[in-house]
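The transmembrane segment annotation in TrEMBL covers 31-51, 78-99, 152-172, 184-203, 333-352. The domain '4Fe-4S ferredoxin-type' annotation in TrEMBL covers 249-277.
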């Protein structure tokens, strides 16, 4: 007889109760809010800084200029953006290997803006218990006023965030004036509204679901950790079996320190129970540590039932008593740290030695070479000169080797701050040298010098000189 395998239907999606995280106080909460204020002071404040009568940080996509205080970057400098992304990735790997998801818990924009939106929600709707009662209550004047005020505040905050974000790509002071005069262009309006709505939805409505279902980092973080990585962890050896007493006098030898108060669950932004072990949904914010330490203090038990600890330490390894650096410093961390230091050093060195004047050399493709009077040969080039500084530069262009080629006319240019210009240069080879190199492609170099630097060469670009047969 064939065996019948029972089939049980499974819901494709199970409704999850809305999370109303309880507030708590403690070391990790203070660090969390410190990062919130620091990151937001940077984000909202930097676009308003000025540098030499212009916005200090501006990514002008239309003009293809990126202004970073005294530096001006062109599209040719995208290599620095690639280096910045590599540094960010290595820094994330390094931090994750040492202290787990510290980025998610303290500096991730999703965490930061969710914290701010929850702070606004608390001001309008009160404690988690009041918010739950408001969810269950019917619509009336109080609910309409509280919910309406909350969403209006969220929308205003989101629009301010969208305006600030667009202010990194469009000069923020003229943008503010255009908004006040209702003369903003359609595309600018679209991006302000788009990022405002994006902030409103992500931080106000979606919240922890981004961390649970959308963010890929929580899925691959396990490959960046090992048994010595510090994570928010519950000490099962000390906490189990759980008990319900409040005083030391009631303790028995079979009872652990956990009193099953569930405060660690109530304060969690993603609603998980850390006592079930490390989970992908844990963002490492440490709020459960603050809540548990507070309870342990009230029941006169040692703090640290929930703490930053590694699996190696929770297993009772003797190395858990070593200093912090000796506990976390290992081969994986050495590799990440070494690569990070190497890339940072190379990027800083390259950026520090970046020339202020740039040049691109393009051959004239219509007439490759032409013979002129007395048998001389000329090639025509288009020179694109760019000033990557915030002050006016005068440049003089020469061509090498001087015993073979020379410029038909002197080439000089005055470049304003962050200005680019195009110049046509004619290079001539005398008849004697042209006869010696007939049919050859001769390598030459264009050299840019500056009178402000005593004629010292700042940049040179290779090219070729075509000599017809």
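Using N, Cα and C of the backbone, Cβ positions are placed for all residues, glycine too.
Bear in mind that TrEMBL entries carry predicted annotations, made automatically and left uncurated.
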Checking 31-51, 78-99, 184-203, 333-352 against the transmembrane segment (152-172) for Cβ pairs under 8 Å, the most are found for 184-203
Top stretch among 31-51, 78-99, 184-203 for CB pairs under 8 A with the transmembrane segment (333-352)? 78-99
PLDDT averaged over the residues of the domain '4Fe-4S ferredoxin-type' (249-277): 83
